[in-house]
Structure formats: C-alpha cells, structure tokens
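S.K.: Got a structure for you, written out below as structure tokens; questions coming shortly.
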C-alpha cells in the first residue's frame, strides 16, 4: 500500500456550510485532531486512524459508488446484486493496492461495500477457523484457495432448534470405513442449519459443526468441524444432497444473505474433517490431539472485535444526532427566535450520556484487546488466563450491544421524525445493534457465563488458591472500604468495585445456603441475580478502563478537563441507573444520588455544551460511512434530505399509473 496517501482528517472547519454548526466548531476548547490522534492514532494502535484514512480514501475513489441509487431505493435483488458486485470489486482493488494486513484489509473491504461486505464471514471466521483447527497439510491445501477467494466459505453452526446450546446440535457426521468418507445428514427438521451469514446464495463451501460418530453410528465422539463443499464451483448450483436457500427477510431488509442448509447423505473425504485438534484414522479410530482450548481462543478473538464494532456504531449514531441537533431549531425563545435543539437541557440529557458512554466503550474495548493480545498472541499462549478473557469478552459483548442499541434508539428519537427515515442513517444503525444483542451469543446467556466465572473465582479464593493480582477481578478480594463521599475520580471506581464485590459475595453465600438439590436448580433459580452481578462486574471493568484513559489524558492540558467531565457523566449516569444497589448496600445515600443526578449531572452538561460537536467530530467519520442526510459534516441537512427524496424512484411519475387508470375508468363511466 502506498504510504504517501493523504492521512489528514476527512474534513476541515472550512468545509462547514451551516452557520450554526460552524459556530459550534469554532467554540470548541480543544483541537479535534489532537484528541483524534490521542485516542485513535499511532501505527501500533488498534484503530491506526492515519492508515484508516488512507484506506477509506482509496475505497471511495472507485467510480462504482456513483453508479447507483441509495441502497434504500433498490429492491431485494438489485440490492443483493450490487453488494455482490461491490464485494468482488473490493477484493480486486485491495489486491491492486496491495493491502495485505488482515485488519486493514477488513477495513477496506467494509468501507468499499458500504459496511456490507458480503464475504465478511469468509475473511473472518472461515479463514480464522482454518488457521486454528486445520492440520498443516490441510492448511497448505485449503488456505491458499480461501485467501485468494477461489473458494468462498462461511461458518455454519446454529441450527433451527439450537443456538447457544451447541452440545445439543443434531447435524451428524458418520464415518464409513468402507469408503473412507464421512456421511453428513441433518436428520431432523430442527437439525437444519439456520441463520449463517452468506449461506443463502453466496458461498460454495462451509465449515460445518456436526456430531461425529465413528467407527459407526453407535459411537459418538462429540462435536467436530468439517470442510464441506455445497455448490458447484463452475455453475454455483447446489451439489446433490444439498438443500440451501435464504431465510425470511430480516428487519428493514438488511442484506446479510442469512441462509438455511439441509444435508442428505452428503459424503466428504475423511481428510475434510479439520484435524489439528483431533483426527480419525482409516480404521475409524478417534484420536485427540493438541489443546481444544485453541478453538476457544479463536472464537474469543471474534467476540472481542465485536466490542469495537458496537462502539463504532454507537459513535456513528451519536455523531448524527449531535450534528443534527446543532442545526435543527425548534420552539421560540423570549427574543422571538427559534431555539437550537442542542441548547435544550432535555436534549442534552438524551445525548451527552450517549457521547460519554461511547468514549467509555472505546477504552474498555482497547483494554480488552490488549488483554487478548497478551494472552493469545504471546510466544506461549496463556491458557490459564483464558477463562478470564472469556468472562470479560462475554460480558462486554453483551453489555455494549445492549446499551448501544438502547442509546441508538435514543439518538433516533432525539432526531424527531426525520430520524425515522432510512436517510437519517440512525435507523440502520439501530437495526444492526438490535441484531447484535442476539448473534454470536445471546446477551442473557453471555452474562450468565460471566457470572459463573465470577462464582468459580470466589470458590477458588475460599479454597485458598492463588489469585492473579493483575487480573480484572483482584478488587473482589480487596479489604479497602468504599469512600463515604465522592472526592475524586478514583472514588467512583472504588464505589463500583465495592458494589460488585458485595453483590458477588451475597449471591455466593446465597447459593451455598440454598436448599435446591442440584447446581442446575441453584443457578436457574438465581439466574436473574446472576445476570445482575455480571452487569455490575462489566460496568466496573468499563469504568476502570475509562479511568485509565482519563489519567493518560491528564498529560494533555487542552482536553484533559473535557475527559474528566465525560468520565463524571458516564459514572453518574451509570450509577443513577443502578441507584437501588448503592442505596441498599449502604454505599451511598438517596440524598447523595439525588444531588448527583439533579445538580451535578446537568452542570456537567452545561460545561460540556461548547464541545459536544467537537467530541463527535473526533471520531472522524467520512460522510459516506455515516450515510446520513442528518449527520453530514457540512451541516446542509435540509438540502441533503430534499436531494435524497428527489432520488426516490416513485417520483419518476408525475402521475402514478394506478391513478391514471382510476381516472380513465371514472371518465369512461361518465
């Protein structure tokens, strides 16, 4: 890739055309680019904003982006065809620009295809699983085909009847010694593979999770992964024994090509079972190899990256809502002029916590990503720390998707009626976050996994086992009491840590004293409380991560104070939503929380008010990424809305044909 490509911000203040928005940017107390570089800059950082700018500019130079209507005006087949064409062109362009780094390649492919790269599961889970679970011989054979897109695959696990409970998957792979093949079947209706992305019409290979039986149907060997061709590489027709198609339309017609798959006596060679961690010999004997936790680590990498994705989506929603609120005027003030919507305290109450939460989410992701790299990408994989990484990533994925979805809806409402248009960009974001609460782990299920880890840690501590003093759960065993009043930022962290500690000890003791006969009954009976303690743990993790960011920002006088103010907003907003805990556990009084919510928080909104637009400009989204008439950088909101409306294909008729027919029939009867 050419390093001399433009690395500057996409826009400058002089690109602003709306006078109100220009005033907002000129009123900021810090330099936007300095804050952007502080958070997202640096070649070793995850976001590497300068390289991302290069990649984005390269992606948007291609002429195909000017050849079609906005996506909401395309019918389903047009939409799918366009995204397939864009996805293939994106692949060729990435090769032309020699973009080889996996993360940068992912950025380019996504940006080029309007965030809808049709083979995203191929470049992520399909290839990553081959890298993790295939033997060296299989890698040599399969990976070059996958990386060059000569074959295109997806990851197929979820079934019609089973999602999170993968141990009960019903798809079968029975070994046949006489032909040295596996016979694949979906023996029941509920065994139908259902939901995998890109499966419906796009891929020709799948990585299939199935129950292995060898040397015959009477000997189950557990779940294994199989490399399975489902379509002819020349004609794209489904192969014999394969029934594949797209499932019902998703909300708002978002294209992901989610599909279903049924297999009837489909045979694959024995060496098409991925064999790094286990293999079947010619006699049908099953052998385990290596450490099965390697697969565990690969799945965690995907879950961690989703936390970044959700943070980006929330940042986009906040950007659109803040910019529109800085342009929209409504209601008369005493001087007879219309009031800027962003000046209303009620609008600030909606949107300022959203901005603060977005920053907190970015820092919590970066802390989690650093932990992932430390555990999984060191010279020796730190398997003993995998449970902690699993607990944090599970909880953070569940929390960020859930909270981001709620805030994106608040952003939608904050934009009034225009926010409900697809052209606003927010409704699409809201739909994507809505789906995120379910895919790659239902939020409630993930929270329970986090809670079970915490309970296990408490049990280990009771058994006098060593606790890693650098881990995220060290505070659970601290003897430091909670602060009686909030004097500094660390006091918020201690309050949340004490809350999490007390909640966990309470439920742990409750489970010990429970009269339920089995562990299952105990956990099921207390599942609501378990989810609650998991959320408390995640909120504590996020707050500590954000606090670490605030301490680093203290070295930068221009925006250090703004960072502190954002931290205060996030901490108080989160605290007041969980006020019952802090009062019941005697960590704070009702009067203290009342003062924070009624006086401190609105005062923070007022202090942050001059910087709200600058804080979302810091995310430095290209207008094409936002795809929003309301959030465009220049502030020409109404012009953009009218231009988008005039593009609506329905307007190609001055009189719609149905009315021509009605009028003609009416006239003929006269």
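Cβ coordinates are placed from backbone N, Cα and C, and glycine is handled just like the others.
Unlike curated records, TrEMBL annotations are generated automatically.
Sharing the features that TrEMBL gives for it:
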type     : residues : note
DOMAIN   : 31-152   : domain 'Acyl-coenzyme A oxidase N-terminal'
BINDING  : 158, 197 : FAD binding site
DOMAIN   : 296-455  : domain 'Acyl-CoA oxidase C-alpha1'
ACT_SITE : 440      : active site, proton acceptor
DOMAIN   : 489-665  : domain 'Acyl-CoA oxidase C-terminal'
S.K.: How long is the line from the C-alpha of the residue listed as 'active site, proton acceptor' to the C-alpha of residue 158 (FAD binding site), rounded to the nearest angstrom?
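M.R.: Cα to Cα, the residue listed as 'active site, proton acceptor' and residue 158 (FAD binding site) are separated by 10 Å.
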S.K.: Tell me, what is the mean pLDDT of the domain 'Acyl-coenzyme A oxidase N-terminal' (31-152)?
M.R.: 93
S.K.: Do you know the DSSP helix, strand and coil residue counts for the domain 'Acyl-coenzyme A oxidase N-terminal' (31-152)?
M.R.: 86 helix, 0 strand, 36 coil
S.K.: Enumerate same-chain residues with a sequence separation of six or more from residue 197 (FAD binding site) and a Cβ-Cβ distance below 8 A; give 'none' if the list is empty.
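M.R.: When sequence neighbours closer than 6 are ignored, residue 197 (FAD binding site) has 120, 121, 154, 256, 257, 258 within Cβ distance under 8 Å.
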